[in-house]
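One structure below.
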Amino acid sequence: MHRVGSAGNTTNSVRPRKEKRLAYVLSDADDTKHCAGINCLKVLKSTVSNGCDYLFTGSRDGTLKRWALSEDSASCSATYESHVDWVNDVVLAGDSTLVSCSSDTTLKTWNCLSDGTCTKTLRQHSDYVTCLASAEKNSNIVASGGLGGEVFIWDMEAALTPVSKSGEAMEEDCLNGVNGSTNSLPMTSLRTISSSNSISAHTTQGYVPVGAKGHKESVYALAMNDSGTRLVSGGTEKVVRVWDPRTGSKAMKLRGHTDNIRALLLDSTGRYCLSGSSDSMIRLWDLGMQRCLHSYAVHTDSVWALASTPTFSHVYSGGRDLSLYLTDLATRESLLLCTKEHPISQLALHDDSIWVATTDSSVDRWPAEAHNPQKVFQRGGSFLAGNLSFPRARVSLEGSIPVPVYKEPTLTIPGTSALVQHEILNNRRHVLTKDTAGSVKLWEITRGIVIEDYGKVSFEEKKEQLFEMVSIPTWFTVDTRLGSLSVHLDTPQCFSAEMYSADLNIVGKAEDDKVNLAHETLKGLLAHWLAKRRQRLGSQASANGDVLSGKDIAPRSLAHSRVEVDGGAENDSMVYPPFKFSTVSPPSMVTEGYQGGPWRKKITDLDGSEDEKDFPWWCLDCVLNNRLPPKENSKCSFYLHPCEGSAVQILTQGKLSAPRILRIHKVVNYVAEKMVLDKPLDNVNTDGTFAPGLGGHVQHSVVGDGSFRSGAKPWQKLKPSIEILCNNQVLLIFIFRGNPLKRTKFA
């Protein structure tokens, strides 16, 4: 997904230097299912007897979900949607606060027992935030690490406390990349870990300090002990760094791995540490002795996930080799519990079961016997883990290749297939996609729905079948990074495409009226917000005795001198059928205002209370004021020449010009007039459609004098007279009563 930039303006600027992008994410699937790989898991145990346990999952689709667990089922009870990129990790801080981190460079906090509203956005990282760690017995402490090489310690109690600031201070924070009034973060809540310095607390308020680097390179894994007195971090430097937040000092650096460190665990006391690496090894460290006690060669590829039994006697491990192992840390005895079809990304123990997340969108629960793991070893099939990864030293106790103990999970939370391939069709309204299951679908992006599901067919063949010889400017881009279709709009490029209302089949609108596709799409996306906003403004105006002007927009956006009023929109509030978005599976809007950072929300969840500063100025200018950026090249030029070998006379004419889109029947009228033929009637069209551009696909239209036989189609009485060609492609054949065939080349 496109990484949304910072506000990028200065205190003296009138508008942002770089215009903010607007995107919307489409989905035709059940909203209670993830549509991309699962990156993180967290189990919340109920504190009351017979209470419901919850599983939280964070996905590459940009959302988190809460699942209510029972013995034989799991139901989605809430979706947490605000991140605009992959959710990479999630932890619990206390009994009710959920903290997530994302590739959108932010941390977000949620009331985990609520309906999914984000309570705070924390912005300090300069790059993707990859990992989190929390102290189980100290709910205030959460650590975060990311690709920028930074590690931050957050005091959640202070971070979630609102701070009152003046408007000038708020604006300054926004310009420096910190949220506005609703998400202000006091700097007393932030500590920065540096590889060369002790942990220092920044107590100065009103500005954002530069974050010191915790690592020289990217951080992939963090772990903290229960009391929050020890933190370990690892990443691409291949070393385990140990920090002591109590004294603010760097405790030690542990070397031994030969590749990136991808997973870390600490025991409850903070003395023992387990690390998993891309070198396929698991290592057990004694932090008191500052050395590696054991190395376990269990996996054949990168180790991405670790989970330990409550006593830290056994470790569950999974990774890129699709296998889940259980290893006795003391005896080195290992057992293959199960194999998956996709790499294992995260593990979470839940009583005597273990939840396994993979790069697929589903989650499985497998038996684990965490309280008595020796019961699993009694089944046989174990082996001794070696201490060398290349070649792996595995001595089987039974002299055979390990066989998985379990064949099927006890419970599966299914997801939907992620989109992996897409193609924008020439009509610039349809996109062809293919998902991981091989299903090919056709989307109409101006309505956000699937209009055809072709099933498992050849993507390339279907693309060729749907090809149309039309020419419409590229006004949007798409990607499938989130496993679903994301449509991106950038100004002013998005306003470059127009179509005639006749080509869009808009009933009740003059067929020659031009419709700007981006303008109407934005109106459709914000229709719910506009309706709610009018209700709120109307209620306020009634209460105050005021009269609404109907054209109200943030003052900051009125400073733009070069604007163009879209005269084609007769009714600002009307949304035409080709641009009405689904309310059953509404798209999610992803954007960034000129005060604050990126956000994501379903268009039907916009309640009108959102500040106009949360939206890009150009979107509001378009929807509220009916104003578009100026058009640079409003005319296109062309010539008419007789086709080679044709006996038709040369028309006396020079270079012709026309609007950016040209309906071919107007060219025919011009030719007929110049050649003194029977002029075709504008309102006769056998199929009701015309090519929207000069390079349109073949459209066979027939015109005449209107005196047709009752019950007969027009072309059944007429003979061909003129062909219009462009680049040897026949655009239209027009027929005039009593005229011989004439061919005119259009170039």
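Cβ coordinates are placed from backbone N, Cα and C, and glycine is handled just like the others.
Features as listed in TrEMBL:
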type	residues	note
REPEAT	80-111	repeat 'WD'
REPEAT	122-157	repeat 'WD'
REPEAT	212-253	repeat 'WD'
REPEAT	254-295	repeat 'WD'
What parts of the chain pack near the repeat 'WD' (254-295), using Cβ distances under 8 Å and only residues at least 6 beyond its ends? 136, 220-227, 229-230, 232-236, 238-242, 301-308, 312, 315, 317, 319, 321, 327, 329, 332, 387-389, 392
Per DSSP, what is the residue tally for the repeat 'WD' (122-157) in helix, strand and coil? 2 helix, 23 strand, 11 coil
Across the repeat 'WD' (80-111), what is the average pLDDT of the model, as a whole number? 94
